[in-house]
Ligand SMILES: *Cc1c(COP(=O)(O)O)cnc(C)c1O
């Protein structure tokens, strides 16, 4: 069992703030400050270039990947860190499409994050004739998997509604129809237990700066199922994914295993921050995390529905269909969120009408939830959102 009061004390949470946006950017693990400082001072500062060997920088993408593997039910040495999630989506997609020729259809859903769809559109255009991104409603994914689909590219938890797909069922159906699967775990890794190996997933990817708290710009991860690792050709064939980077061969030869998905120099400072966060994650029981997450989201849904009748729940009530966030719809959602933020309750807004709140057991308490409900109720009852100041859209919503 994990003691969540204890894990909360390990994060820097600004005084007076109720932070319900860890699904967008996780807070600072207190130990990350010293961990990053030490990496800067003792490794970069004192070791300089020798840090690649002495401080093990070169092995960090796979070593850190192995710590994330536990959280997502992946096999050892099947997860590599680096780059951003958009790039990892592209890599997985390019490899999967090549492995499943002559099929040319990428199946995704309209609840997917736009960057995933954009990457697929860009890749289809590059590949040319016949390649196609097919987008259906989230509820229609299972039935839309037919024998024209080369690969499904699905984000397990919808970033807007928090609706969760059935990974095992979709993967099984895809395989029955001869399709490969890519799972985007941006809102799953660190949010709920994931069982990639058990589900038989082919590829997966995700980011570390949301629920995994690596800080802004933290590296993404990519998973390649062991059975595909020697067949998956990296489309972005960079030197760090070469079998022998320091042989400086003129020709590319992929590294063994998932390490071939590395591209260029890994972000060592950002990985140091992630390692400090993983020191906490290493102690977390994922089943306990899920239980606590559902308690928190239930508490919030019940509280808001009892006090804010004009807000419409966008998140499934059914636990089996829910990630670790809660969203409500309201035509003035943007202004409502600005009013909340002005009172220290931090969530975010997703166009056109969603206010979104992330629930992160490692540092969210019942008292946070109650306070957020009370403040939201006060804002709605008195229309405190209805002033011009809250209606001007900022660049990041
Ligand atoms: C957050 C998120 C991204 C962001 O991609 P970056 O390349 O890290 O900016 C992509 N896809 C999904 C599903 C996300 O939730």
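Cβ atoms are placed via backbone N, Cα and C, with glycine included.
Among the candidates 239, 281, the one that TrEMBL lists alongside 85, 86, 113, 114, 115, 116, 155, 184, 187, 209, 265 as binding pyridoxal 5'-phosphate is 239. Between the binding-site residues 113, 239, the minimum number of other C-beta atoms within 10 Å of a residue's C-beta occurs at 239. In this structure, residue 85 (pyridoxal 5'-phosphate binding site) is part of a helix by DSSP.
Taking the C-alpha positions, the distance from residue 113 (pyridoxal 5'-phosphate binding site) to residue 210 (N6-(pyridoxal phosphate)lysine) comes to 14 Å.
Checking the binding-site residues 85, 113, 115, 155, 239 against ligand 1, the ones with a C-beta less than 6 Å from an atom of that molecule are 85, 113, 115, 155.
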